[in-house]
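> A single structure is presented below for examination.
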Amino acid sequence: MRWPPWASESQARDKQDEQNQKNWDKSLNAIDWAAFTEPRTLIPTLILTTGIIGALQIHRRYLRRFPDAVSISPSYFRKRTILGQVTSVGDGDGFRLYHTPGGRLAGWGWLPWKRVPTAKKDLRDKTISVRLAGVDAPELAHFGRPEQPYAREAHEWLTSYVLNRRVRVLVHRQDQYQRVVASAYVRRAIDFPIPFRRRDVSYEMLTRGLATVYEAKAGSEFGGPELERKYREAESIAKRKGTGLWKGYRRNRKGWESPREYKTRMGLEEQSQGKGN
C-alpha cells in the first residue's frame, strides 16, 4: 500500500526537526576553544589571574601576621624586619611584640578591625617574645633568685622606652625558649636633635650602663661584626665613665658582678643545693 504524498513529506519534516534538535543540543554542549584565545577574552583573563596571584603574594610576603615566635619563617632571619607594638616588658632585655604587618598603611591603629588588643586574655598566644640581641641586663628577682643591682632601673627604662610603641625588629634567630633574638629599633617624635631618628635599643641600653655586652659561651648574637664592635665600644665608654651598673666597678672589681657572672653563680649554687638534698 502506498502512503499518500503528504505522509512522506510529514515524516521527512519530523526527521529534519529531530536532526536539527540534535545539532542544537550538540552546539550547546560544545566548547568553543577558539573563543578563549580571542584578545577580548584572553587579556582580561590574564589581568585578573595575575592580579589574584599578585595579591596573594603581597599578602603572604608583607601582610601575613605572625602570632608568635615559632610562626616566623626562617626566610625572615637576618633579612627582613617585623613591625609591631610592644604590649609588655618582662625584664631588662626582653619584651613581647604584637605583629602589625604593613603598619598604618595596612590600617593598623585606625581601622576598627585592626587594633592591637589591650586585655591580657586577648593577647594570649598572640605576641612574639623578643630577646634583645647583643646585650645582657641585670636580673630581676624570680624563681627564688634575688634581684641584681640596677635590674629595676634597666627594666623601668626599657618599659618607658618601648612599651605601647611601634618597634621594628630584625630577627636573627630563634632560641631554645621559643623567643626570637633580634635587634630592635624605635623612632621617637621627641628626640633631640633629630626627631624620629631610628634608635637601636640595645645600643641605647649599653650607653646608659643598663646592660653589658652578651658574654655567654654559646648562643651570643649581635647581628654582625660591625654591631658587635659598636656595642663593645659603647660598653667600654660606659665602663670608663662609671655609668649605671658600672658605678663602683673600678673601686671594687672583686665585689662587682656582671649579669653573666650572676647567672653562673646562681646556677652553681642551685646545683650544689640540689646535690646536697
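Residue numbering: from 1, along the chain as shown.
Here the Cβ of each residue, glycine as well, is placed from N, Cα and C on the backbone.
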> Choose the correct range: of 42-58, 178-194, which one does Swiss-Prot annotate as transmembrane segment? Give that range.
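My reading of Swiss-Prot: the transmembrane segment range is 42-58.
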> Other than its close neighbours in sequence, what residues sit by the region 'Disordered' (257-277), given a CB gap under 8 Å and a spacing of at least six beyond its ends?
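Cβ under 8 Å, 6 or more out: 136-139, 145, 148, 211-212, 214-216.
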> At the Cα level, what's the spacing in Å between Glu139 (active site) and Arg131 (active site), rounded?
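Each residue's Cα considered, Glu139 (active site) and Arg131 (active site) end up 14 Å apart.
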> Helix, strand, coil: count each for the residues of the compositional bias 'Basic and acidic residues' (257-268), based on DSSP.
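Across the compositional bias 'Basic and acidic residues' (257-268), the residues distribute as 10 helix, 0 strand, 2 coil.
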> I need the CA-to-CA distance for Asp136 (Ca(2+) binding site) versus Arg179 (active site), whole Å please.
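Cα of Asp136 (Ca(2+) binding site) to Cα of Arg179 (active site) measures 15 Å after rounding.
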